[in-house]
Amino acid sequence: MISLEAVTKRFGQQDVFTNIDLSLERGEIIVIIGPSGTGKSTLLRCINFLERPESGRITVGDVSVDAQQASRADILKLRRRTAFVFQNYGLFANKTALENISEGMIVVDKMPKEQAHARAREILERIGLSDKADAYPAALSGGQQQRVGIGRAMAANADVILFDEPTSSLDPQWVDEVLSLMKQLAAEQQTMMIVTHEMQFARDVADRVIFMDEGQIIEQAPPEELFTAPKDPRTQRFLRKILAPTGLSLP
Amino acid sequence: MLNLGYMWELLPVLLSYLPLTLQMATIAMLLALVLACLLAVIRVTRVPVLNGLSLLFISFFRGTPLLVQLFLFYYGLPQLVEALVSINGITAAVLGLTLHFAAYMAESIRGAILGIDRSQTEAALSIGMTQSQLMRRIILPQATRVATPTLMNYFIDIIKATSLAFTLGVTELMGATQKEAASSFLYLEAFLLAAMIYWIVVEILSWGQRRLEIYLNKAYQR
């Protein structure tokens, strides 16, 4: 229900990736891992055209867009089918936690304000921040801000939520609360695509792990397979390096 | 020595012209604010053609003296456009002040927009907002807050600049002072009094400005 066909992205003369193919089932959770600068985030950002791919086709639910002919309306439709969680939260600084969550429902989905606020309160309860409804982002901890960021994505009722290194800019003490919220979403069969360096998390929740290197999908497999018996030497090298300090074992 | 008795008698006379001064300044400020926001958004989003025109507009109105602009509108333009022959001094002055200060304010607002971190823009786009929803709901409210101290300074400048309207035959505070002084020959008293009135108005505004800034910053306190 989500698919990327031959998606190519270039920055100037530099190819970030060429002809990437990838597809997800409804309810599937995939985690993308790999060294920094290999285009993982860019790939995620191409799905909702925060970065415009040079070519390829992107399909989310019943919206299918050819990158070379994508109109403004196409891009808007695609964005309304997806939601995005940012590494540095991207919360609206002039809006409270509640308003950050309800904003899209009011402005984009044209939901009446009372209804949107009621729904935002439900979401606040699910993300454990009912008592922070009226707090502005500046008054929230990093972990709380990111949970609001996830709450905002939940409110979008998207076919897929895209997570771009959601815990990378958090202080260590806030990482767990964000990861456990994501696990909660996973348990609810929310379709997710996650770029992260949290290997244990990837092992726990991913249905499929994708290893990317230098703009290519090198290998993809269920986590138990990819983490214990990686086939490609590049995957092996990467995992050995990244898992060594964590104490997770590799054969 | 100052003729204090004369000043005391003149005070209510001059004060009766203060409302016109404040009205002209307020209308010019509001119109300039709207125009400045438009220009700033055009500049930031680089709307084709309009961006070039905005640059030209800003360059002209910052690059030429306000007094020259006022004379152009009041005395010059009616020569070209028949309908403007009946333009009155107040309208010409408000128009001139609006365009002149919009050019300055556009640059402050543009700076404030560029100062808002990119991730909020991306977040708004990612939930499917259009460019104009993003501007109206997220960017401009924050940019105006950042720009408020500067914009208030421009408002103060506008109030003082309304005094130039007397050169277009408008009897506002300055025009009235000029007339009174000419008939009494007590120039020092009359202009000193006018200066005091402007000064006090500006001081009251500065006090309001501080209160406004405290109010606007409440969302950003830890």
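Each residue, glycine too, has its Cβ placed from N, Cα and C.
The domain 'ABC transmembrane type-1' annotation in TrEMBL covers B:18-206.
The transmembrane segment annotation in TrEMBL covers B:20-41 (among others).
Positions annotated as transmembrane segment by TrEMBL: B:53-77 (among others). Sequence-remote contacts of a segment are chain residues at least 6 beyond its ends whose Cβ falls under 8 Å from one of its Cβ atoms, and for the transmembrane segment (B:53-77) they are 39, 42-43, 84, 87, 89, 92-93, 95-97, 99-100, 102-104, 106-107, 161, 164-165, 167-168.
Positions annotated as transmembrane segment by TrEMBL: B:83-104 (among others).
Within the chain, the transmembrane segment (B:154-174) has long-range Cβ neighbours (under 8 A, six or more residues past its boundaries) at 14, 17-18, 20-22, 24-25, 28-29, 32, 66-67, 70-71, 74, 89-90, 92-93, 97, 100-101, 104-105, 108, 194, 197-198, 201-202, 205-206. Among the features that TrEMBL reports, transmembrane segment is placed at B:154-174 (among others).
For the transmembrane segment (B:186-208), same-chain residues at least 6 beyond its ends with a Cβ under 8 Å from one of its own Cβ atoms are 2-3, 6-7, 10-11, 14-15, 18, 22, 152, 155-156, 159-160, 163, 173-174, 177, 180. Annotation source TrEMBL lists transmembrane segment at B:186-208 (among others).
Tertiary neighbourhood of the transmembrane segment (B:20-41): same-chain residues 54, 57-58, 90, 93-94, 97-99, 101-110, 113, 135, 140, 143-144, 151, 154-155, 158-159, 162-163, 165, 170-174, 201, selected by CB-CB distance under 8 Å and a gap of 6+ residues from either end.
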